[in-house]
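Straight from TrEMBL, the features:
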type	residues	note
REGION	1-49	region 'Disordered'
COMPBIAS	1-20	compositional bias 'Polar residues'
TRANSMEM	60-83	transmembrane segment
TRANSMEM	90-109	transmembrane segment
TRANSMEM	129-150	transmembrane segment
TRANSMEM	162-182	transmembrane segment
TRANSMEM	221-249	transmembrane segment
Amino acid sequence: MSSRTPMNPLYSQPSNLPNRNHNHHKDSQTNIPPSDARPQDPPIPGKEYYPNQPKSLAGIALRAFLLGTTFTLGLLSLSLLLLTTSSPLWRLPFFLSALSLFHFLEFYTTAAYNTPQATVHAYLLTANWPAYAIAHATAFLECLLTNLVFPDSVWAPFGLRPFFLIAGLFLVGLGQTVRSAAMVTAGQSFNHTIQHYRAESHTLVTGGVYAYFRHPSYFGFFWWAIGTQLVMGNVVSLVAYAVVLWYFFSKRIRHEEELLVRFFGQDYEDYRKRVGTMIPFCG
């Protein structure tokens, strides 16, 4: 007998040595799925994600594509007109680009910071339809016709036209920034429609931009809209925008704050006394 053969009957082969009786071929086959096995089907999305539904992925993609295309074409047209002509019609593609960016950011900030509310309606493209569309179409036509029929007219007195242009650009940038910041700060406490019942996720937000503006999203849109009309040089639409938006927000704020007092009681009363809306004669 070989000297390497153990004489102790209790001897057992070390576990790290291969077992001569072990069928390696059999083990190697156990982890291989049968040839007719199929991969698991991906989970079926809810009905709300299908076309013509509130969270339609096709609808969201189409709106994003159209807004992005309009924004890009607007910027290209704006640049081309400014670089190659002295025409004041650059204001029209500026307006289209500003509108496209506004509506895109409405959805984007909702999707990123208030995901459950990210529906096709979050773009606000059909909000207050058809009055909203009529207002913007009227502003576009006023700017177009004024500059075609009266290209050399100066509506701003005392040579203030450059000042109004700069002020308009500033207000557009400020308004957009404050509105988007309001949606980001509020998160799931923000909603595009007035809530008549307090949700569990609804908290009183008083930090960030809310420390300076009581209704920063309304402040943002009000001054953004005024700014667009200053840039476009519209007189009729400027007055109409100011009057209609002031009336709309004054009613909305009054109604919304009645609900907020009911939701948050004295906390909201104290906040309302401490922070203003920064919309003239509103709230």
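Including glycine, each Cβ sits where the backbone N, Cα and C put it.
Curation plays no part in TrEMBL annotations; they are all automatic predictions.
Under 8 Å from some Cβ of the transmembrane segment (221-249) lie the Cβ atoms of residues 88, 91-92, 94-95, 98, 102, 135, 138-139, 142-143, 146-147, 155-156, 161, 164-165, 167-176, 178-179, 215, 279-282, all in the same chain and six or more residues away from its ends. If you look at the transmembrane segment (90-109), the same-chain residues 6 or more away from its ends with a CB under 8 A from one of its CBs are 60, 63-64, 67-68, 70-71, 73-78, 81-82, 118, 122-125, 136, 139-140, 143-144, 147, 172, 176, 179-180, 183-184, 192, 224, 228, 231-233. Here the transmembrane segment (162-182) has Cβ contacts under 8 Å with residues 98, 101-102, 105, 109, 156, 190, 208-210, 213, 216-217, 219-233 of the same chain, all six or more residues outside its ends.
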